[in-house]
Amino acid sequence: MPAKASLEGIEQVWSRVWEQNGTYRFDRSVTRDEVYSIDTPPPTVSGALHVGHVFSYTHADAIARFQRMRGKMVFYPMGWDDNGLPTERRVQNYYGVQCDPSLPYDPGYTPPTEPPGRPQPISRRNFVELCRNLTKIDEQAFEALWRHLGLSVDWSLTYATIDDRSRAISQRAFLRNLARGEAYLADAPTLWDVSFRTAVAQAELEDRERQGHYYRLSFTSAAGDTIHVETTRPELLPACVALVAHPDDKRYQHLFGSTAVTPVFRVPVPIKAHPLAQPDKGSGIAMICTFGDLTDVLWWRELALPTRPVMGRDGRLLPEPPPGITNAEAVAAYRTLAGLTAFSAKAKMVELLRASGDLAGDPQPTAQAVKFYEKGDKPLEIVTTRQWYVRNGGRNAQLRAALIRRGRELSWSPRFMRSRYENWVEGLAGDWIISRQRFFGVPIPVWYPLDDSGEPDYERPILPDDAALPVDPSSDTPTGYHDSQRHQPGGFMADPDVMDTWATSSLTPEIAGGWTVDDDLFGRVFPMDLRPQAHEIIRTWLFATMLRSHQEFDRLPWRTALLSGWILDPDRKKMSKSKGNSVVTPMSLLAEYGSDAVRYWAVSGRPGTDTAFDTGQMKIGRRLAIKILNATKFVLRFESPTLRAPHVAHVTEPLDRSMLARLADVVAAATTGFTQYDYTRSLECTEHFFWSFCDDYLELVKERAYGNPDDPAVRSAHAALALALRTLLRLFAPMLPFVTEEAWSWWQEGSVHRASWPARQELVGDADGVDRANRIDETNGSDEAVEDLLGLASGVLAAIRRAKSEAKQSMRASVARLTLRGRASDLAAFALVSRDVRAAGVVRDVDTAEADVPLTPEITLG
């Protein structure tokens, strides 16, 4: 035990010891019922971790530590989600490069030391190499932070979503989806990010409010009448394929089945009826364009309309006019739009409408919700592309209902989060697009045969053998072909796309557990016990993982989902790097306050509850950690064999028994909290007792504890102190792992994190299981139950302290007389603790008087 207790440097000391001793190493020889397995969220490797990561990962770690102390063999791996768009963007910004797949590989390429003014184009292979190199550096920094925070993961179980095993499992799962008809290739309207030039799934959308204008356009009916249509996107007028109104809208019922002519381009389009048209929006009749939004897609599909694409994948209008625009004047008008961005094309289209007299009135300002890719900075467009899909219930009510039922089998913490899952499933508008037109990801494991003219046959994909996985079709050759046949007539071509990162991270239980590559391990850990994650990715990670497990195993991937809330800034706004209000780095917090203090703040946030970022809470946590060390030093100063091997049978004094009985209730409450995933409740009840223990019990028992160890009353104090300390250190251990390990090491063998979770019987149980801790000592001839003696003694001591404080006297000043008035039972109870109260309060004389009132102390200072 050090001469002076200190928190400085204990993280480095104990992290090293835990690693050397294999404290958290998973033992795969145990059976499934002995295992508690956790599907740890693999953080996205796209820069630095933020305080939200520290917050939520601490919650899962507290649960892992509790389960380990309860006797479970905890399977707690760590993964890195190191492929996909966020990683690519990180590499682009870090090095100042841009991937150009048309460029040849440069084996001697060295990235710029400083990002150039304009991105430097490099080959795909060079770009992927940069991605791999930078993610390794980032992952080392991530691991260092997690170790400093005290995550009790088994680092030998670490995986990365781009490593060979993960890629093989991801490709294998996709091919099995394909074999069962759950994956398919289709040409369809696709949400498209024009900056990243890739498809985007529904789960990755984000609505952002933007200021726009309604433009009133004049169409002409077949009878020559004007039909006013209001739109916020006049630049899509050349893509117009129909007008639509509600079937009950009497203003337009006479027009259904007829045609109208578009302004400027003079293209006839049908006038249709559809129940999704909104009579109270604008003029009540809308133009259907291919494609302005998802409603256009729905109308186009259900009304069997033609396609007139105008928007290119680069976000600019296509160079050639769409079908239908044929006369010279219309073609000339379109030429003025070709090649312009959507923003510029809108301004030009308004000019054309004004010039033709087809713009009625002035544009009217409006606020509108515009869809963005959650990581993008330009509005999404909808373009027709060939993409791979996985069926997710978006177009299948039966599958959707099955996934709702599956969600109801899952235990949700907190329970109300289930409604978010169900709302998402019920609102699915289409199947899941899993292909991405990017570079650093898991390749789609498919080739296509080329016919004699060199055109791909998408109906007959070439698939790899299972034993060959993982494959990269861009460099690997399919069975039966030679690489010289690549891109040659009669040869083959690779699918150029990679999978959405969620397509791989939706398989984290399978990847961590070794599905198809380590059947023994997988059988011991799957289905997993816990999925901890943030609530905002229920729609992506949680749902996708549920879907893949449902398709592959027809069961849940885990038993419980633990959802964490957001971290809020002082203005009650979510803290995030994108908002610019998350400037404090986790490592700086850990350095300033200590890991246990930061964990204390994190565990103060209940599941699913948004929590304020509060360094004040961290200061309280640090004070608590220091107090734990000081309280331990106080208890261990008593040289007594009883301290080393305490037993409840050694506890004979009523005050000591009362304290242990109260602590036994805390053990029960803390245990219930953890089993219900309410770690905050466990912390609160333990901390509340601890401060009372330090402020009241230690003061009350101090004088007696310094007595002769041969005195049974002194031995009782020593045993009670040791039992309480041993229990408190274990109760705090899941939340405050470093300080509890430090204090434990001063007087106990092994690690506190491998010690058993405290049980009530350790504190109050007799051999026959009878709880006698809160009863009058049987040597006094009574079995009458006594109310909380510790509370009674603490109340009298508090009155004595208050009297001294008001008189501005030292707490060691003597009390000439303590007079107690109260009922006979209360006075008898006080007699059992009188010795300790008198010693703690420095009381010379005590008088008692029976009265039908609550116990009332009167203090006469000396």
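Just so it is clear, glycine is given a Cβ too, placed from its N, Cα and C backbone atoms.
Given the ranges 43-53, 87-97, 164-174, 230-240, the record in Swiss-Prot names 43-53 as motif ''HIGH' region'.
Outside the region 'Disordered' (459-494) by six or more residues, the chain places 124, 164, 167-168, 170-172, 175, 178, 185, 442-453 with a CB less than 8 A from a CB of the stretch.
Outside the motif ''HIGH' region' (43-53) by six or more residues, the chain places 80-82, 84, 86-87, 89-90, 135, 138-139, 141-142, 145, 501, 534, 566-567, 575-577, 582, 584-586, 589, 613 with a CB less than 8 A from a CB of the stretch. The DSSP breakdown of the region 'Disordered' (459-494), given as helix, strand and coil counts, is 6 helix, 5 strand, 25 coil.
Across the motif ''HIGH' region' (43-53), DSSP helix (H, G, I), strand (E, B) and coil residues number 3 helix, 1 strand, 7 coil.
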